[in-house]
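For reference, the structure discussed in these notes is given below.
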Amino acid sequence: MRSQMPEEMITRLESKEGRDWHRVEARDLLFIGSALRLQHLFLLLLLASLPLSLSISLSKAVWVANRDHPLSSPTGILNISNSNVDLLDGNVVLWRKNLINRDSSVVAELLDNGNFVVKDPTGVLWQSFDSPTDTLLPGMILNANLVSWASSEDPSSGAYTYEIIGQQGFIHDAHQVPMTRIFPNKILPSTTNKTFSTMLRIDEYGVLQLLVWRDKWHVDWISHVDECDWYGTCGLNMFCDINLNPICNCIKGFEPSDKPYRGCERKKTQVSCVEKEFWRMTNMKLPDFGEQIDTKMGVEDCKERCVKDCNCVAFANMDSQNGGSGCMVWLHELHDIRSYKTKGLDFYIKLPVAADLVEGNNVSETTIGLIVGVSTLLLIFIVLLIYKTRKMRERTIVCQRENPTMDISITEDWQSHLMDFEVISQATNFFSDSNKIGEGGFGSVYKGRLLNGVEIAVKRLISMTPNGIENFDNEVRLIGLVQHINIIRLIGFFSDENEKILVYEHLENLGLDSYIFDTTRSSSLNWQKRFDIIIGIARGLLYLHQDSRFKIIHLDLKPSNILLGKDMIPKISDFGMAKTLARDETEAIATTAAGTFGYMPLEYLRDKIYSVKSDVFSFGVLLLEILSGKRNNRFPALNDGESLLSYVSLKQSNSTFVSKIETLATGNPSMLLKF
């Protein structure tokens, strides 16, 4: 069977029943299409739910034959013989699949489930389902990696791959560095239906999407929703929780390591090989590097197995939510853990036994009395020593930047910001609950009043993780350097081994997110106020980038970090992730990309390159959120994968977005001319 592509570049195949796959009711189409901007031609398998035309979107292609060897002209030939399936560009074979048959007649057929098969009377000789490209349909065999397209209009092999290793799925970048780990690996439900209803696709940005057909394709699940979805966001023996601040915290029984890059390590307590105490963490993504022991073993048997193994640090039941079975244990450091609101798995951490509970510890009453007496005297001495040290302590903090030529020391810039712990404590009524105005994973925020009558907001850090301490030091180092009406003012701080406290000016209103995303409060932000907020944020950024002592790149600009003061004046806050550049520097590379998913540009997220443009990107996202009232990082999950940018673009094209702006501008339409 030899088929030369007609002028309109479409080859039509007929099914076994003779149905024309190019007719309106067809769900499948084998199509020779061009990448819109590249003028290259590919043999594509498209899924059509609407009348087909030459303008059909390439994004509906689920399989590409010659993705890395495009045709140079529409005169390509698809030749199906008894020995090969060839795609020819003139006399050059661009793509070939060998057939093994018994000299029987060969038939090509496009099945209802989207499978393009070549067969003879003995059976299938070749099928597209054996070699997926970027999309997995029910019935496909994933015997190789899914590879993304280079772009939305270029089906050649892109930078991202999806690979299944054991029971886990991994998304890797071009350097084979894992970006995301998906566990458990439950991909597509099996179906006996002749036509597909689901598909799994990796897009050009390395995001895996599960799409379900309900009148149109809906995104039911995506691999990247927030920072915790990135592989290894937190260090060893830490878990990621997007609802905490900071999002990374030590697992129970662990404490921050002396080496921050190590994450957390076991607390210095005696470990018993027969320890039976476990801490259960619910709704968790299980750590990497687990070892599956038995697919039929229940929770109690799995626990007993871990108890008897001195090297076992944790275990999990693979189907604990449904009362099922399957035992997995961890014998090494715990890595890449996160919590979910729902649908996670139970995870059990073995806790070290306390020294005074070790079995076989026979101590006489006299010895116990002596230990208690000495311990009491020692405790009194330590308390007195701490009190005296606190009174006489030399308060110095040296905060170092990656560039040693730009070190900043307390003695140089911070002496006026140092505050006594007792002053802060008294101002907040000794950190009483009645003064508490906020709480999160980072600690608590208290409202206070100094003796001179100045109202303050006190952030008391309780998470002494390396990440939390680094963010604290960064905040003190940078925010004390700046003074601008649109940047939160740091009044002072306190720091020692046990306490980390930041003291800010107290603002009358809530954060920007509490207004623009709230249906009730948002009505108080008319166009004039939104315009003023946008201009204020822009002025604050301009100061950070051009007018401050160093170029300061915020790197976490988002609505919750914009606080609103008197008359709704916006103030940029939270400099924990900020970085600095010298005046002659335009960009730099970070060791890790820290920020909030949805507000980070691709070059920072993927390559860890940051510059002034990083904040400009975040400002653009923030601008869309202020005008639309939609959360960017949650928008795709709630709107079938559509981005906020495409949403606004669509609304603008059909005038509904302009109508919304005009509604905001009611009473002062001239403000539209300023924007």
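Placement of Cβ uses the backbone N, Cα and C atoms for every residue, glycine included.
Whatever TrEMBL says is automated annotation, not expert-curated.
The following features are taken from TrEMBL:
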- Lys459: ATP binding site (BINDING)
- 21-131: domain 'Bulb-type lectin' (DOMAIN)
- 273-352: domain 'Apple' (DOMAIN)
- 431-675: domain 'Protein kinase' (DOMAIN)
- 368-387: transmembrane segment (TRANSMEM)
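Other Cβ atoms within 10 Å of the Cβ of Lys459 (ATP binding site) number 20 in total over all chains. Under DSSP, the residues of the domain 'Apple' (273-352) split into helix, strand and coil as follows: 13 helix, 29 strand, 38 coil. Per-residue pLDDT, averaged across the domain 'Apple' (273-352), gives 84.
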